[in-house]
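Engineer: Have a look at the structure that comes next, please.
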């Protein structure tokens, strides 16, 4: 870095001395000499951070040494400290002081603080206290430090209680501002500093502010170039000017008020609120970003208090946003950076309470009175209530307007006229001074857009009240960046035609886009008209809405243009205004019926005339217009009328409250149709109206005296219908409003919105094709909306309901307060100042209004894929799992057409006709059966481009299009054998590979079936498919439950192939909550192979999957540079619905963004690993990685390397601090043997290994069992006691079962026997502190029920409890005891494990079952069979009365029937295929039962089914009933297996851990099982 010229740098005086030095390149060849000449010392101590040291310290040391003549010259000591706010601490200060003392520094030492604000603040405080004060110099390297923190002598360190709370005023001897440092400053840091530059101009110098406005594009363009020498050369002079200007302001203020007595407080403009935001959002939000938001909020506060005009607020906000700084918490960048963290208003006020400007409890805030001027020469005292209104998301309106009120309200400029004026002036030639321009979001979007198109230049005059716009006569250039228009419908429609006038520049087209609502608002008729006139326009979204790509062809052709104008008059105005610049004269013909909102078309014609273009209206057809070629001539001055739609709100308040309001600048001569509202609506409702050509005054009747309107046509003023509706709500009678059909496609469906929100007030409404009907209620019957009024982000909804709130019976909350900024940013100020209403801030945030939101979880599913891939099978599975009807579209097409598909193809229709009918059917079901169904499509559906468009649009709108595939060779083999469908006309494999990209394009999910076609046709959905459907369509409860656990684990699968490890996977996943597939360790990483591995893993593990590609640099095996393969594998994982994606934060931005955009229901684990141990948890070096992970992740994973045990404690402190700041879950670990403690203490989703795996995924990894044992030793897991209650129980195998499983999973619990038949003995045990759960057997299964707090539904129906589970209450330490029954679960498990499928929908015929016995276990068996879909269920017992008692106690839908004897068996319509015996087996079976059972067992069945007898007695192991069944060819299940199964379920309920069932079986049978998983 060197000086570019030999001139002396510029100096700025501060406190009477020229101590601030500013120029380019002074660090190396000027600072050393100045130090030696003017800041002499024997020792200079240069301190900087580790990021800057290597770049800037060695060359300075070289220059320093070169300037020292003798060995006796001064010495230079250098020190590097960690970067970031964490270094601004007592510990860092002590470290520096101790080091300086060790270097024998004395009182003549000079500290050189090289760095940003952290370095300057902290080193200044060191200088202030070292040896009672030594000299120091500031060398700021960031723009923020150059213009702010380095100037003024404020020094400080942070404490745990807050920032800058301990420090001193200590002036630097020199401040060297070398602008060359900014060449390497990252763009975000540079822009961060611009906030302080804007601040000083805003409070002190309007001229400098104007300079900042004018130079924003060039400054931002330069800053966004890659860092390095010459980057800022294009802005060299302006950069120096703005830094000098800002530094001079601060120096002048400090010189007048060094110790912050009053004037210096002005430098805190934006900081009172900004610091509060920063306190909650740091470190993710930078200081300048927080201050930028704070400036806007404090300016809005000044406007609310009546000391600042709205135009100044708008001007400030636009200047801030023009530099890329945020202006609200709703800014997309802020949401992304902070992970959407909320800032509760009460917490913000608490943070503001410790502001040093405050006077005791009185908060003081710097208020602007104009740009460049403050309200007072100090901070102003402001009440908390006013601050809360500005900070809150919603406004609480307390009703009560003085009945004597007579007020005058001037609404802002008309949005409609403002937008038209900007278009006309930009297309025109010359300069136009535009007065009363609306300062709102919509108009700002328009102004920004025409500037970006090069259509005009502009400046502000009269403190922002006048826009001076110079048009360029229609010379527009295409924009390389998309023009974002938010929810500005007017701007989007006008600009669609204007952009068609652009000529190519660096690009040959321009993209118009907007927010989510704008992307569903219609624009099709306008696009159709322009397309027909030769303009190339592409829809970039699924519907006929924005975003649009519009070709830059230098204008449209002209001639005759036909346009449908029944939806929006803005389509007409858009073409009219651009028509003079068409290549030929234009004849615009409006077709399709009566144009909507004719007054707005007339407004456009009148304004065009003012700007020099006369449109000729056809004498023969009033809906045809002739526009000659021409150029607009800008008038010298144009005044925007106030907005007539907005004027309806203050006039309506007068009407509803019985007061008087005058709008002084809207009258009968207005261009706007809504100006008729007072005469056409308010006067017939009973108001007194006085209207002149230029003003309107309304006086309302006494409150409650408004009259309903039997019918009013509001087509000329459709936007005003919302105002009329709220008045009608309290008017006598019923009001019918028509002519407003277009209001369904505005910012929201306004008719539906008004009906829903009026309903909250108890108002009855109805609607018809083009209107709404409102039945009024007396004022005293109005209800108060408990959850507030939801505004749909629609300004007119918010303002209308604020009118109704003025006469409510209790305060009303209007949600989404800031949406009024679209047309009247100061509306709430007007309510307070002009109408005297008491407003309060309400921190309510709107929830989702379900009726107007598409519930994607209920959307129909469309399945695509090759014939033979399993579409029909998986469709039936999915329909069963989701409880939806399934429709095979091939079969449906055959049904509707009355012919088979081969008949269609080989008949007159042919392939073309078949595809046409297939497409028509797809369109029909998408339109009419869009929710609650599962459809499978024909394999060739993707051959049709139109069908592909439908499928793509469906998935892009949130629908599920599922691609089903299995091994390609299996599909081919199947198709070669299938003769039921038309043969392919080409090679089957060629067909598949041609269609594969089409299937991928049309689908957003894919299921790879690992099961051969023959093995699944008649089965229940396999485990892998059930997991898949739960992941993509389920309620997410499985993952939510997992992540809510106090201790959760995932096992890292380190195998080269899942297929080769399927036998060991069930063992290694025990005790874990998820399984990590290390894709980088797989031998075959091709997409099809990985898809097969994912499906195989789901089958083997049955739990959520973490999909991980660990790169070489982060300790894995995947190549760091293979971005293409990485992205393709991530996309595959997302399409397969994996529950978690481990996404390394070192991937390029495009990978992170793509994965985030496509993630759907998958959760991102944003990870960073440091295998080389280069980062420290102690010094803040992990903070940037945490911040980056916070932007992208649902979970954050940070893995370091432990060099000492202390590293684990540092990690724990870091994690605690981060979790205190943000709720995003954090996995934070240290690798290595010394890091094991961090794994034990991690808690959330700890990665674990297992001895059965070939190797550990990371050094120091432990098993889940080892971690649980360690947690027990540390006291984090308490040993609990589990019991079996009953009598006799001495021979029970339950203790063996549960104690084996406790040991296996590393839990310290014990299970023992409590032999009793007395319920009161049980009552004492189950309330003991260490009680963990219990099993209950006879005779207590019924007796324990009154002792419990809750009993499950299944236990209630069965009438018996065999399991007691302690359930912690939310937010309470008191436990509730739940009684459940696992006997039936054990039975179901045993049946399923032997291959008995659920009968609920598995077959088209019914399947029956038989239960033998009449005791308590009989009831559990009946419940098990019912849950498995069997009906009827027959019962067989000796005592017929007992059977009748049982039958009567169950609901009738159980379909229970007593079986009388052998003869009755022959009369059964459906013979049982499952028998459950619940009678004792240690005694001979009753002969009559035996005879009947033998007949049942030998009865033939109509379908080929697995026939099973389940024995509930486990002594002896092989019973008489089992022998009978086996002799008849039935399969049998011994009772010991059911005992193991019900106990296995009990263990899961108690611990949340699912062990292997074979381990439970082994324990019950007394077989040897592993005693440990270590």
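Just so it is clear, glycine is given a Cβ too, placed from its N, Cα and C backbone atoms.
So Swiss-Prot says this about it:
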type	residues	note
ACT_SITE	260	active site, proton acceptor
ACT_SITE	275	active site, proton acceptor
ACT_SITE	819	active site, for EPSP synthase activity
ACT_SITE	1169	active site, proton acceptor
ACT_SITE	1197	active site, schiff-base intermediate with substrate
BINDING	132, 148, 154, 164, 196-199, 250, 264-268, 271, 287, 356	7-phospho-2-dehydro-3-deoxy-D-arabino-heptonate binding site
BINDING	196, 271, 287	Zn(2+) binding site
REGION	1053-1266	region '3-dehydroquinase'
Engineer: On average, what pLDDT score does this prediction assign to the region '3-dehydroquinase' (1053-1266)?
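Structural biologist: Taking every residue in the region '3-dehydroquinase' (1053-1266) and averaging pLDDT yields 93.
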Engineer: Rank aside, I only need the closest one: which of the recorded positions 196, 819, 1197 has its C-alpha nearest to that of residue 275 (active site, proton acceptor)?
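Structural biologist: Closest by Cα: 196.
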Engineer: So which recorded positions are near residue 271 (Zn(2+) binding site), with CA atoms within 10 Å, out of 264, 287, 1169?
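Structural biologist: Cα filter at 10 Å returns 287.
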Engineer: Would you mind listing, in sequence order, the residues at least six apart from residue 1169 (active site, proton acceptor) in the same chain with a Cβ closer than 8 Å to its Cβ?
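Structural biologist: Listed in sequence order: 1110, 1114, 1115, 1144, 1199, 1231.
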Engineer: Give the sequence-ordered set of same-chain residues, not counting 196, 271, 287, with Cβ within 8 Å of the centre of the Cβ atoms defining the Zn(2+) site.
Structural biologist: 144, 148, 195, 199, 270, 274, 275, 288, 290, 291, 294
Engineer: Recorded positions 196, 260, 1197: which have a Cα within 10 Å of residue 164 (7-phospho-2-dehydro-3-deoxy-D-arabino-heptonate binding site)?
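Structural biologist: Qualifying among 196, 260, 1197: none.
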Engineer: Among the recorded positions listed here, 132, 264, 275, which has the most company in the form of other Cβ atoms within 10 Å of its Cβ?
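Structural biologist: That would be 275, with the highest Cβ count within 10 Å.
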Engineer: Around the residue listed as 'active site, for EPSP synthase activity', which residues of its chain at least 6 apart sit with Cβ under 8 Å of its Cβ?
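Structural biologist: Expected: 791, 793, 794, 795, 797, 798.
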Engineer: Any idea what DSSP makes of residue 1169 (active site, proton acceptor), helix, strand or coil?
Structural biologist: strand
Engineer: Out of 132, 267, 1197, point to the one nearest residue 260 (active site, proton acceptor) in space (Cα versus Cα); all of them are recorded positions in the record.
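Structural biologist: Looking at Cα distances from residue 260 (active site, proton acceptor), the smallest one goes to 267.
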Engineer: Cβ atoms within 10 Å, counted per site: which of 196, 260 has the most, among these recorded positions?
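Structural biologist: Ranked by Cβ atoms within 10 Å, first place goes to 196.
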Engineer: Work through the binding-site residues one by one (198, 267) and point out the residue whose CB has the fewest other CB atoms within 10 angstroms.
Structural biologist: 267
Engineer: For residue 267 (7-phospho-2-dehydro-3-deoxy-D-arabino-heptonate binding site) and residue 1197 (active site, schiff-base intermediate with substrate), determine the Cα separation and express it in whole Å.
Structural biologist: 40
Engineer: How far is it from residue 264 (7-phospho-2-dehydro-3-deoxy-D-arabino-heptonate binding site) to residue 196 (Zn(2+) binding site), counting Cα to Cα, in Å?
Structural biologist: 14
Engineer: Return the member of 132, 287, 1197 nearest to residue 196 (Zn(2+) binding site) in space, with distance defined Cα to Cα and candidates limited to these recorded positions.
Structural biologist: 287
Engineer: If one measures from the C-alpha of the residue listed as 'active site, schiff-base intermediate with substrate' to the C-alpha of residue 132 (7-phospho-2-dehydro-3-deoxy-D-arabino-heptonate binding site), what distance in angstrom results, rounded to a whole number?
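Structural biologist: So the alpha carbons of the residue listed as 'active site, schiff-base intermediate with substrate' and residue 132 (7-phospho-2-dehydro-3-deoxy-D-arabino-heptonate binding site) sit roughly 45 Å from each other.
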Engineer: Using a Cβ-Cβ cut-off under 8 angstroms and a sequence gap of six or more, which residues of the chain neighbour residue 287 (7-phospho-2-dehydro-3-deoxy-D-arabino-heptonate binding site)?
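Structural biologist: The answer is 117, 144, 192, 195, 274, 278.
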